[in-house]
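Peer 1: For reference, TrEMBL lists these features for the protein:
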type: DOMAIN; residues: 411-481; note: domain 'Transglutaminase-like'
type: TRANSMEM; residues: 12-29; note: transmembrane segment
type: TRANSMEM; residues: 62-78; note: transmembrane segment
type: TRANSMEM; residues: 84-102; note: transmembrane segment
type: TRANSMEM; residues: 109-127; note: transmembrane segment
type: TRANSMEM; residues: 133-152; note: transmembrane segment
type: TRANSMEM; residues: 164-182; note: transmembrane segment
type: TRANSMEM; residues: 559-579; note: transmembrane segment
Amino acid sequence: MTAGRLPIAGHRASLIIALFFAAVSLGLFSSLMLWVLLLMLCAVMVRISLYIGKYRHAPKSLTVNLLAVLCAITLAWFTPQLGLLLAMVNLLVMACALKLMLLTRRRDFLHLFGCGLFLIGCGYIFNQSVFSAAFHLLLLLVCLVALSAVYAPGQALPRQIRSLTVVSVQAIPIALLLFLIIPQLPPLWKMPTGSSTTSGLTEKVTPGDIAKLTLSTDLVFNATFTGAVPDKNERYWRAITLEHFDGKSWQVSELRKQTRKQYQSSGAEFSPEVVGAAYHYQVIAEPTGETWLYAIDVALANNFSSRDYIWQSADYQLIASQPLRSKWAYDVSSYPATPLNQSLLSVDRRINLQLPQSGNPRTAQWVKQLRQTFSDDSRFINAIMAHFAQPVFRYTLTPTPMPLNPVDAFLFDHQAGFCSHYASAMAYALRLAGIPARMVTGYQGGETLAANVLSVHQYDAHAWVEAMLGEQGWVRFDPTSVVAPARLQFGLQEAIEESGELLDNNPFSGLRQLPVLANLRHLFANMDYLWSRWVLGFNANMQQNLLTLILGKITPLRLTVLFLAIMAVIAGLLALYFLPKWRRNPPPEHFAIYHKGVTLVARFSGIPRMHLAPRQYMEKVRPCLPLPAAMQFSSLTQKFEIIEYHPATGDRVSKEMIRMKVTLRLLKKSLQQNKR
């Protein structure tokens, strides 16, 4: 076999690396285009067919090159839709699939091995849960097994897996020490912006949109409190403030966006003065691809690391410095007693009295009549809330579509809707009455994961109203609280059950309430939370606190001593593992046989081997040996090189080992005869 070439049929390493790429591509399923995934699966099928001997030769290079050109053109066509990051991931998977079809040399295998490591890293970009981490660690082990199979083809697969598993487990303490002490540097570059975002809240809401989120059980964020946890009716997590209404949908005001840009470009920031008791907590937000953050009013970043990346808008919304492409932890303090009256109220009034030019005439007439009865703003708002408290209004996840004059249709025809229906109708009615009002979307409530930890999911999505009342500024009103009080006290599930509906139409949805499954779900949620907080959330601030706990005062000298001590511990761990093993483990059998032959030849010729390679030593001592002995030593050297340097199956290794033993005996006999 030509040096560097790999066998086609029955080559175990090629099969393992093919199965690895199948698994890693399926792990990236949501990020890959369907045709790229199918291309990879076809490449895997080609390797399986070659392994079992159905085909004798890999596909021709010309065929694969033409396929590569076609794939490159197709990928270039879709790149603007995908965005740079997803396009690069699809390109890498596509290239690996094509290279897998042409895998014939060890060099090709090493290229695939390196690309496989990059794809494992890509998997961590898109999913950082503890279960995803375990899955990708398993893939890493499979990739290492494939590499081991290339360089030790004669070793049994269970032994390779066992050896690599042991080494990987032994590396964990070293990796943990390095993780704790290596400086937590900021990223060198920002992740490319994608063309799509993760499902969740949006900057434009049409009544009924939020109801769709209740079908999702995806985690939005975890909040860990250092002290008291807010009561259920205080858990209003602001995300987006919507101030423009076109008669049907609410969205972020363009004037507000321009104001934000002016503030950010000038380096100015809205910093409200806070009063009263505070809730201190850390939020670990899931990736959304957007910049809005979640917090209870009025929120301030409470450490320097969070302040560097959080900006507060004049509508009391927290905004991240860059889109959330991965899990992100930030620390805030909320002061619920602080009045929302510290922004430019004149600007707020101008933005939040805007009305559509036409539409919803019955609502306008009803508000006009009601305003004549209640001229005081507070009494008028109370009248609106009392109107929603009538039994005729229902809370439902499946409202009737209302394409024309939706506020009229909701208030006077259907009178059944979700939180966004009530919030939209109330905010519009207040504006008609001359009271500045806006709709806020976010989340309400949260599941207790631990004594001081709340988990908020997509089904906790909520919408409420803020109205401007003189010097009080913005005051929160939630019409859902009078329509479905159970929504705030017990959560969405309880509120929906009161209306006779199910949270979703899945026939197995009731299984979630079984104690065993509920406990299992709670266990998995806790595991993912701990992983997110202590591993993904381990930042420079946490590292500094840890070093302060260990060293007391942080100085360059103490840091140097700590670093050297940890390096010494790592060196000691490595020594404890390798030194005893090096002393007690005998060399492989073919090494021992070859060494005996070298000893015999060196004694006879008087020429030690020293640093020479086996073939070099054979050429050097050949003139000094009798012809039969020279031929036998040459044969012994060749058999040693076959076992040591050339890929071979277990059967071939065994046969060559037997031949080496026979050749050694003949060599010994020849040298003894010539001595006589």
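Cβ coordinates come from backbone N, Cα and C, glycine included.
All annotation found in TrEMBL is predicted automatically rather than curated by experts.
Neighbours and distances for these, please.
Peer 2: Long-range contacts of the transmembrane segment (84-102) within the same chain, counting only residues at least 6 positions beyond its ends with a Cβ under 8 Å from a Cβ of the stretch, are 17-18, 21, 25, 28, 31-33, 36-37, 39-40, 42-44, 46-47, 58-59, 61, 64, 67-68, 71-72, 75, 78, 108, 111-112, 115-116, 118-119, 122, 125, 191-195.
Residues 6, 13-14, 17, 20-21, 24-25, 27-28, 30-31, 85, 89, 92-93, 95-96, 99-100, 103, 133, 135-136, 139-140, 143, 146-147, 150, 191, 325-326 of the same chain sit 6 or more residues outside the transmembrane segment (109-127) yet have a Cβ under 8 Å from a Cβ within it.
The list of residues near the transmembrane segment (133-152) in space but at least 6 beyond its ends in sequence, with Cβ under 8 angstroms from a Cβ of it, reads 6, 12-13, 16-17, 19-20, 23-24, 27, 106, 109, 113, 116-117, 120, 123-124, 160-161, 163-165, 168, 531, 647.
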Peer 1: Same chain, outside the transmembrane segment (62-78) by at least 6, Cβ under 8 Å from its Cβ: which residues?
Peer 2: 33, 35-36, 39, 87, 90-91, 94, 98, 101-102
